[in-house]
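Participant: Below you'll find the structure I mean.
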Amino acid sequence: MKTWVIKIGTSILRGTEETSTEEVIETLSRSFTSFLSKGNKIILVTSGAVGLGCQKLNIETRPNDLSTLQATAAVGQVNLMSLYDKVFNKLGHNIAQILITKADFNSRKSFNNASKTLKKLIDLNVIPIVNENDTVANEELKYGDNDTLSALVALAINANKLILLTDIENLYSKDPRNNNDAQPIKEVHNSELKEIKDKNIKNSNNEWGTGGIATKLISAEIATKGGVEVQLVDGTNKKNLIEIFNDNKIGTLFYPVEKPIRNKKSWLSHAIQTVGKITLDDGASFAIKRKGASLLAVGVKDVEGNFTINQAVKIVNTNDKEVAKGLVSISSDKLRSILNNKENNNSSIIVVHRDVLALS
């Protein structure tokens with residue numbers, strides 16, 4: 001049995017002058033049927049609520065202000081789920097709506113609850129349809145058109161594959177719209193991904209979505225580090241949908257790492273939001289990266305932000321490069337007090353224990 005997470009972008013769902021959103025969803029859902037009939041499972045991560053809300057309210061351009069974005073998302077989400085329910089009902093499939101924000105994944109307990117719920121739904125042969133809760137979110141609306149969310153969902157359920165359906169054929173060496181010499185990239189191994197992601201790739205934003213190629217590369221990096229294969233595919237081509245479910249190599253394949261980060265450390269690395277930053281000296285940086293040591297107060301050079309026990313912090317070296325994330329054992333006030341030599345006897349206190357420290 002295979003479990004796949006399929007992310008459907010706004011550029012796919014919005015359709016064209018000739019094809020409605022309902023027709024797009026019907027084409028997509030029919031392509032899933034053969035895959036599901038073999039006992040496989042899918043979870044959909046969908047965008048499109050804002051776009052559909054704008055259509056319903058006759059708003060011609062995507063709003064810029066947050067309150068209007070959230071209002072259109074509220075209207076559009078009802079329409080979006082109604083379309084999914086109508087189409088999947090015809091094919092004899094039950095669906096479930098799951099609305100998530102990044103804050104929901106910030107708690108380990110909430111992350112585990114979401115994981116258990118998603119797994120139970122697919123055990124019951126229900127197709128979960130996940131979207132960011134845009135009506136209450138703020139940063140989420142600007143963050144990545146559900147690309148990052150789809151990667152986190154894939155990690156939460158230990159998916160075999162994450163499929164990113166978009167409106168481009170593959171990843172390219174350059175933006176193909178502006179560069180005639182742009183070359184398609186068919187395969188990306190994890191050792192290459194960071195360099196590709198960090199290059200100055202022009203974002204392929206369009207008016208109705210909030211994502212682009214950069215967010216898809218971030219999503220691919222998160223998923224592959226957690227052991228999930230990622231496939232970037234042009235979802236506007238109906239033939240591609242057949243090829244995907246025959247497990248053919250189309251679009252761009254991102255291969256997972258050989259030794260993935262799983263469970264709690266995967267959550268620490270990718271799902272949790274940090275509230276502060278700790279700068280290490282060279283010795284401490286070496287100890288946690290090469291020796292798997294806990295972070296001690298003696299190795300801390302600087303502290304930024306305010307945090308309390310069990311909150312997450314970013315841990316950087318003297319060049320401000322992130323080396324890890326972790327949950328602190330002491331507050332920022334206590335740590336600053338130690339650094340200011342007010343408590344010399346506590347310089348060996350554990351700031352972040354190795355069990356709750358995830359290397360970047």
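The first residue you see is number 1, and the count goes up from there.
Each residue, glycine too, has its Cβ placed from N, Cα and C.
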Participant: According to Swiss-Prot, Ser47, Asp134 bind substrate; identify which of Asn58, Asn64, Asn146 is listed for that same site.
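Facilitator: Checking Asn58, Asn64, Asn146 against Swiss-Prot: the substrate site match is Asn146.
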Participant: Taking Cα atoms as reference points, which of the binding-site residues Ser47, Asp134, Asn146 is nearest to Ile213 (ATP binding site)?
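Facilitator: When the Cα distances are compared, Asn146 comes out closest.
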Participant: I'd like to know which of the binding-site residues Lys7, Asp167, Thr215 sit within 10 A of Ser47 (substrate binding site) at the Cα level.
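Facilitator: For Ser47 (substrate binding site), the binding-site residues whose Cα atoms are within 10 Å come to Lys7.
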Participant: In the structure shown, which of the binding-site residues Ser47, Asn146, Thr215 has the fewest other Cβ atoms within 10 Å?
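Facilitator: Lowest Cβ count within 10 Å among the binding-site residues (Ser47, Asn146, Thr215) is Thr215.
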Participant: Can you tell me the CA-to-CA distance separating Thr215 (ATP binding site) and Asp134 (substrate binding site), as a whole number of Å?
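Facilitator: About 18 Å separates the two Cα atoms.
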Participant: Please average pLDDT over the domain 'PUA' (275-356) for the predicted structure.
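Facilitator: Taking every residue of the domain 'PUA' (275-356) together, the mean pLDDT is 92.
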Participant: C-alpha of Asp134 (substrate binding site) to C-alpha of Lys7 (ATP binding site): distance in Å?
Facilitator: 16
Participant: Provide the three-state DSSP residue tally for the domain 'PUA' (275-356): helix first, then strand, then coil.
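Facilitator: The composition, in the requested order, is 23 helix, 32 strand, 27 coil.
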